[in-house]
Amino acid sequence: MNTIVVGQLQRQFQDYIVSLYQQGYLDNQFTELRKLQDEGSPDFVAEVVSLFFDDCAKVINDMSTSLERPDHVDFKQVDSGVHQLKGSSSSVGARRVKNVCIAFKECCDVQNREGCLRCLQQVDYEYKMLKTKLQDLFNLEQQILQAGGTIPQVSMN
Amino acid sequence: MAARDGGVSCLRRSEMIGIGIGELESPPLDSDQVHVLAVDDSLVDRIVIERLLRITSCKVTAVDSGWRALEFLGLDEDKAAVEFDRLKVDLIITDYCMPGMTGYELLKKIKESTSFKEVPVVIMSSENVLTRIDRCLEEGAEDFLLKPVKLADVKRLRSYLTRDVKVSGDGNKRKPSTPPPSPSPPQLSCTTSMESSDSIVVDDDSLTLSSESSTSPMDSPMRRLEMKSLPV
């Protein structure tokens with residue numbers, strides 16, 4: 001094992017994950033999920049967020065259909081979708097996605113279609129952005145493991 | 001990928017093996033192990049709660065609706081209970097807001113039953129609505145957990161369980177291998193006008209509760225008091 005390389009990768013990982021928290025992409029719940037990962041379930045976090053992203057894609061698609069026709073918006077369906085996304089984003093620590101959902105719910109409550117469309121676009125952007133960021137993070141994890149190192153535990157106070 | 005339409009387990013065995021969630025090499029239901037029935041319509045939340053419970057040495061059955069839960073317990077009218085020699089559920093943990101049957105309605109049905117009314121029921125909700133919490137506690141819920149659920153929350157639940165089971169440590173250790181010593185329609189029906197008129201809604205972000213809920217006392221009334229004293 002090349003300890004210098006491992007050390008560098010670990011520092012890179014640490015800096016990256018800290019930046020994700022500082023920029024508000026992730027919150028404490030993501031830390032909680034990382035606690036649940038171990039040698040027996042080494043890909044737990046990656047798998048849960050993958051399910052979350054699949055969920056996002058599907059729900060966003062459904063809401064898009066509901067919002068499509070200006071004269072015939074199914075706000076109940078949209079509200080249901082927002083509720084679902086707010087819940088699951090909260091459960092995985094996807095802070096920005098969750099925050100968009102809060103604004104989205106407000107638009108839905110007052111049946112503001114334009115507002116909903118903006119929020120829809122934003123939530124789509126945010127989940128995709130997070131997906132990219134986390135993919136980079138998981139890649140770093142893999143590099144560390146392949147170099148023979150261990151993933152650092154990062155505590156965010 | 002996963003079975004979205006529910007069923008008794010939220011994932012088929014082959015899928016669980018494939019993604020490494022759920023320790024399938026664990027033994028079949030054994031009378032010393034705590035068995036928890038988890039109810040949540042969200043797949044992501046089911047996965048998380050299942051993992052949280054397994055990591056604290058519980059056997060978990062996760063279902064996606066109140067109806068499936070009743071079916072599993074044999075409390076629905078038509079079907080017989082799932083075949084175990086003795087169906088043993090030590091704790092039921094359910095989401096509040098679910099389409100069709102809410103967690104509150106499920107709670108009532110469980111408390112009305114002769115076979116399961118003694119089983120502690122814990123309600124989970126993403127919304128900190130005090131009238132909602134009160135209603136659930138009055139109906140006999142053991143506790144009310146605010147989502148997102150954390151490891152500390154689940155560890156605290158162990159105090160409600162009749163069996164004395166060792167809890168594994170935090171984080172990266174595997175569960176101990178030795179057995180413990182001696183348990184519509186998509187329309188959400190949880191937001192009623194009755195509730196929203198006189199309730200105080202505290203948004204998650206404005207709460208200043210520490211993330212370690214193990215700092216709050218075990219009994220649920222104390223947790224309620226703690227939440228009531230927070231600035232709104």
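Keep in mind that glycine also has a Cβ here, set from the backbone N, Cα and C atoms.
For B:177-186, the entry in TrEMBL reads compositional bias 'Pro residues'.
Annotation source TrEMBL lists compositional bias 'Low complexity' at B:187-200 (among others).
If you look up TrEMBL, you'll see B:207-220 (among others) marked as compositional bias 'Low complexity'.
For B:221-232, the entry in TrEMBL reads compositional bias 'Basic and acidic residues'.
The annotation domain 'Response regulatory' is assigned in TrEMBL to B:35-162. DSSP states for the domain 'Response regulatory' (B:35-162), grouped as helix (H, G, I), strand (E, B) and coil, give 50 helix, 28 strand, 50 coil.
Under the heading 4-aspartylphosphate, TrEMBL lists B:Asp95. Around the Cβ of B:Asp95 (4-aspartylphosphate), the same chain contributes B:Val39, B:Asp40, B:Asp41, B:Ser42, B:Asp45, B:Gly103, B:Ile123, B:Met124, B:Ser125, B:Lys147, each under 8 angstroms and 6 or more positions distant in sequence.
The region 'Disordered' annotation in TrEMBL covers B:166-232.
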